[in-house]
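Engineer: The following block contains the structure, expressed as structure tokens.
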Amino acid sequence: MSKTDTMSGVTSTRDEGGAVPPGITTFNTELLRIAGIAVALLAVTWVYSGDPFILNIMAQTFLFAAVSLSWNIIGGFGGQFSLGHGVFFAIGAYTTANLYINWQISPWLALIPAAILAALVAVAVSWPTFRLRGPFFSIATIALNEVAFVLANYFGSITGGPRGLTIPFKAGLENMIFTSRFHSVLLMLGFLVVCLIVCAWVFRSRLGYYLQALHLDEDAARATGIRVLQVKLVGMAISAALTGIGGALFAMYLRFIDPPTLLSLPDIGVKFALIALIGGVGTLYGPLAGALLIVPLESQLRAGLSASVPGANLIVLGAILILFALFMKKGIVGLVMQLWDRFGRKSQ
């Protein structure tokens, strides 16, 4: 007979004897899956190691997959549909760029203050906004993104204003700047693996159970004794910290950042959520599946159609989102699970 955590209102994954019931995936099992995914993605990277165009797409795919996974902690597991994660992304980028340009601090060391500052800002702005629910919370995060865009243009001494910041090219591992895009892809893949591990840990931890409980029914979760605001803030802090690191890596990869690049709502804030929605919001591997579809597709559309039909990539992505909303509400991962339940189990 399984024990029930009275605080979370969910059932523990272990029975009274400490064994894991059949059908329950443990954190160690998830680590094995992540290792398999990492090896597969590394093999694909190696195959295309001589193609700079493909490597550029892969670097962006891995980065956006990682940041979408970070968004999924609070937006998917916790059901708090934020469209303002571009703010934390920008904080990480601007923090790292300023520390590197003005104080010659290695980007590797700058990742720490970038993550901490993003988490602190996330907690500060989420404290009042988490009292809003549903679309009202999402609207508040959009407003946050727009305020950040205005501030980024105004405080030119920090952000470079509309002209942006150019990071000087000083190739070297210590500067996180590489002459070969293959090494940049490996860096993004490493960050993706870290985000997968963190998300797997959160998903299988008590924090993850709490987030999922308040996603299902916030009032019921509060009635069982969960400190709803505290759980949301912790989830948002972890999500924002990882997003800030993603912004730092993005800045060092592009070596040029400006407000439209970092705070464009459709290209950054909405894209994080869109990737998770198409892949399977609230699932562990949904954001990765969504990024593997959306980022390469968008890059190809932008290269092939945008010159003749401006905005064609956004039109196609919008159509894809509508199709998924109508016919694949649980995303790619949900569809795979349905097919497995229907055909895979019958063959066993």
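Placed from the backbone N, Cα and C atoms, the Cβ positions cover glycine too.
Below, the features straight out of TrEMBL:
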TRANSMEM  31-48  transmembrane segment
TRANSMEM  53-74  transmembrane segment
TRANSMEM  80-101  transmembrane segment
TRANSMEM  108-130  transmembrane segment
TRANSMEM  136-155  transmembrane segment
TRANSMEM  185-203  transmembrane segment
TRANSMEM  233-256  transmembrane segment
TRANSMEM  268-294  transmembrane segment
TRANSMEM  314-340  transmembrane segment
Engineer: What stretch of 31-48, 53-74, 80-101, 108-130, 233-256 shows the most Cβ pairs under 8 Å to the transmembrane segment (136-155)?
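Structural biologist: Comparing 31-48, 53-74, 80-101, 108-130, 233-256 against the transmembrane segment (136-155), the winner is 80-101.
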Engineer: Which one of these stretches, 80-101, 185-203, 233-256, has the most C-beta pairs shorter than 8 Å to the transmembrane segment (31-48)?
Structural biologist: 185-203
Engineer: Cβ pairs under 8 Å with the transmembrane segment (185-203): which stretch of 53-74, 80-101, 108-130, 233-256, 268-294 has the most?
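Structural biologist: If we count Cβ pairs closer than 8 Å to the transmembrane segment (185-203), 53-74 scores highest.
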Engineer: For the transmembrane segment (268-294), I need the partner stretch with the highest count of C-beta pairs below 8 angstroms, choosing only from 53-74, 108-130, 233-256.
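Structural biologist: So the stretch in question is 53-74.
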Engineer: For the transmembrane segment (53-74), could you work out the same-chain residues 6 or more beyond its ends whose Cβ comes under 8 Å from its Cβ atoms?
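Structural biologist: Hits for the transmembrane segment (53-74): 41, 44-45, 80, 82, 85, 89, 181-182, 184-185, 188-189, 191-192, 194-196, 198-199, 202, 211, 232, 235-236, 238-240, 242-243, 246-247, 249-250, 253, 271-273, 275-276, 279, 281-282, 286-288, 290-292, 294-296, 299.
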